[in-house]
Amino acid sequence: MLVGVMGAGKTTVGELLAERLGTAFRDTDADIEADAGKPISEIFIDEGEAHFRTLEEAAVKSALASFGGVLALGGGAVLSERTRAVLAGHSVVFLSVGLSDAVSRVGLGAGRPLLAINPRATLKHLMDQRRPLYEEVATFTVATDGRDPVEIADEIVTLLKP
Ligand SMILES: Nc1ncnc2c1ncn2[C@@H]1O[C@H](COP(=O)(O)OP(=O)(O)O)[C@@H](O)[C@H]1O
Ligand SMILES: O=C(O)C1=C[C@@H](OP(=O)(O)O)[C@@H](O)[C@H](O)C1
Ligand SMILES: [Mg+2]
């Protein structure tokens, strides 16, 4: 399981990690979009963030019940106490990232509805609010600033070795 704020690289590193481990990859955001038949930005507009969080909680629960590969979570999935409880007992990697790298990676926040207005200030606020939650669920923390996704995936492979 990969957790961390938007722009930490969960989706990108998750795909590479699954390749390295020879296993499947899933992303709860993609699962939610497939089920809803529309992009996350439209779910936020049509039904609101609270509804998205309900779908997200169900998506994590269902993926963890039926799937043994690499799972990237959305950045806000850890806001749910039930999700944090469900993550216990799994290998959870917190991809950490500083504000400047996160801002440059997400650009103007296209496709990320929470970053539609003032992405830098919003990301800073979300990082401060969520860091303790990422740390709470993490088995390992991997710093990503200035590092290539391939190198990060390789480090995780090493950390996961028994
Ligand atoms: N370590 C990295 N270094 C540079 N760019 C990265 C890194 N990880 C991800 N990116 C880029 O940042 C953007 C956000 O990555 P993504 O994997 O979608 O993050 P997340 O799923 O955590 O929000 C993508 O354009 C991706 O190519
Ligand atoms: O941090 C958040 O609250 C969100 C992160 C996004 O996923 P990524 O972290 O993969 O960008 C996506 O789930 C949605 O836009 C909300
Ligand atoms: Mg993602």
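Counting starts with 1 at the first residue shown.
Glycine too: its Cβ is placed from the backbone N, Cα and C atoms.
What TrEMBL lists as ATP binding site is GLY7, ALA8, GLY9, LYS10, THR11, THR12, ARG112, ARG147. The DSSP secondary structure for GLY7 (ATP binding site) is coil.
Cβ neighbour count for THR11 (ATP binding site) (all protein chains, 10 Å cutoff from its Cβ): 16. Look at TrEMBL and you will find THR11 tagged as Mg(2+) binding site.
Residues or ranges marked as substrate binding site in TrEMBL: ASP29, ARG53, GLY75, ARG130. ARG130 (substrate binding site) is surrounded by 18 other CB atoms, counting those within 10 A of its CB over all protein chains shown.
In the three-state DSSP scheme, ARG130 (substrate binding site) is classed as helix. Proximity of the binding-site residues GLY7, ARG53, ARG112, ARG130, ARG147 to ligand 1, judged by a Cβ distance under 6 angstroms to any of its atoms, singles out GLY7, ARG147 in sequence order. THR12 (ATP binding site) counts 19 other C-beta atoms within 10 Å of its own C-beta, drawing on all protein chains shown.
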